[in-house]
Amino acid sequence: MDSPLLPPKSNLNKELSLHLLFIFIISLLLLVPKIFFDLVLADRLITQDTAVRSITTAWSQEQVITPPILVFAAQSTQLATKNDDGSARYEVEQHRLLLLPHETHMQIKLIGQERQRGIYQATLYQAQVQMDGYFDMQELQMQLQDPAFMQVELSTLAPYFTVLLRDAAGIDEVTTLRVNGHDLTPRPGQNYQGAQLYDSFMAALDLNDATAKVPFSCSFKMRGSLSLALQALGGQVNLNVSGDNLSPSFNGRFLPSSHQVEANAFNATYTLSNLATGYTGLYLDALPDKSDLILDIQQGRQHYAFVERLSKYALFFIALTFVTVLAFELISGTMVSLVQYVVVGSALILFYMVLLSLSEHVSFLLAYSISALLMSMMIGLYMKAVFKSWRQGSVIFLILMALYVVLYAIVNAENYALLIGTALLVIMLGVVMFITRNLNQKRQG
């Protein structure tokens, strides 16, 4: 059946006003299937997280490491209660004094690899860690004079040299552990509360012959996944981290002082002092809750992030498309029924489902190109049948392809997304103003 022609001019104002109103309502109603798409996207993200966690749990989780610390047993005496006879009763509390290194030089070399479960990948790495530096024993004595430690007394028990990390299951081998000129044998350590709960490995020390400076050298191999973070404990931390088969992003409180990132390799240098990090030299029982630097190496969620950002422009894109179709209605004199608007809007929503499905198996750019081309062709052919014109169908196809190119540019050019989006809104408003400019005019003669 042929599409109806626009009504006579005497009824055009009323009909066009109602037409615009119903098109606006249809645009809002199309957000309902868009909500269902958002639920599907959220479910795919959960499925990916489950698959990735099943890989990383068996390998090793996200690692967080710190420079080594010296742990001293200590105790404090506190007034508990008073007895019935008026005498005081005291309790002795056990503590751990955590002495941070005065200076630490760290070298971390990462080698990345991908492991797959189904269609999902997890980025894993092996790390060779080298730490060299020294503790200042005079700083320990000075810190103990602080009012915060006045009630604390050092125990006669031997201190421990301790290295903290997030997941001790990822330790492959401790190749070197030398403190104050003595080679030590590491053993599993205790848990420590810091920016999160730390595992550790440690070794008992004999500091009877220690001088003011207690040097240390420690190297070990470990495994991790998804990210590597460092809490830069101590007075001065100099870190060089490099990697192969990895292209990380740098996050955390501090960015590298210099870095170089290539397709499959990177190198970064950090220079951090306690003037910037805010760490004091000594802590009681727990470390401060800070994450100083993070290397995020997992890139598997990137296509989901792009799809999610694209879906936020769904209503905007539907509006642009409907304004385009409405303009062709007035130009051609052929009315597009509301059902046909619903069909076009459904195709625009289906674009996101096609994109999501394809992006899980091919590159995002290829998936986007196929999805945009497919939906533009279908809508263009549909509009050709509606307007009975190959020319108008082809023009609508080209306009949709141009809109998809602009939408892709908006999502990728984050710094200019607002500018591009605003420009399109201004253009769309101009088209609407042109279409509706004669709505209040009476028919002449």
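Yeah, the Cβs are placed from backbone N, Cα and C, and that goes for glycine too.
Those TrEMBL annotations? Automatic predictions, nothing curated.
Through the fold, the transmembrane segment (16-37) approaches residues 311, 314-315, 318-319, 322, 326, 335, 338, 341-342, 345-346, 348-349, 352-353, 356, 436, 439 of its own chain, all at least 6 residues removed from its boundaries and within a Cβ separation under 8 Å. Among the features that TrEMBL reports, transmembrane segment is placed at 16-37 (among others).
If you look at the transmembrane segment (313-331), the same-chain residues 6 or more away from its ends with a CB under 8 A from one of its CBs are 6, 19-20, 23, 26-28, 30-31, 34, 341, 344-345, 348-349, 352, 379, 383, 387, 392, 395-396, 399-400, 403, 407, 410-411, 421, 424-425, 428, 431-432, 435. Residues annotated as transmembrane segment in TrEMBL: 313-331 (among others).
The transmembrane segment annotation in TrEMBL covers 338-358 (among others). Here the transmembrane segment (338-358) has long-range neighbours at 3, 22-23, 26-27, 30, 33-34, 37, 40-41, 44, 307, 310-311, 314, 317-318, 321-322, 325, 366-368, 370-372, 374-375, 378-379, 382-383, 386, meaning same-chain residues at least 6 beyond its ends whose C-beta is under 8 angstroms from one of its own.
Listed as Cβ neighbours of the transmembrane segment (364-383) (distance under 8 Å, sequence separation of 6 or more from its ends, same chain) are residues 302-303, 306, 321, 325, 328, 340, 343-344, 347-348, 350-351, 354-355, 358, 392-394, 396-397, 400-401, 404-405, 408. The annotation transmembrane segment is assigned in TrEMBL to 364-383 (among others).
Sequence annotations record features per position, and here TrEMBL assigns transmembrane segment to 395-411 (among others).
As annotated by TrEMBL, transmembrane segment applies to 417-436 (among others).
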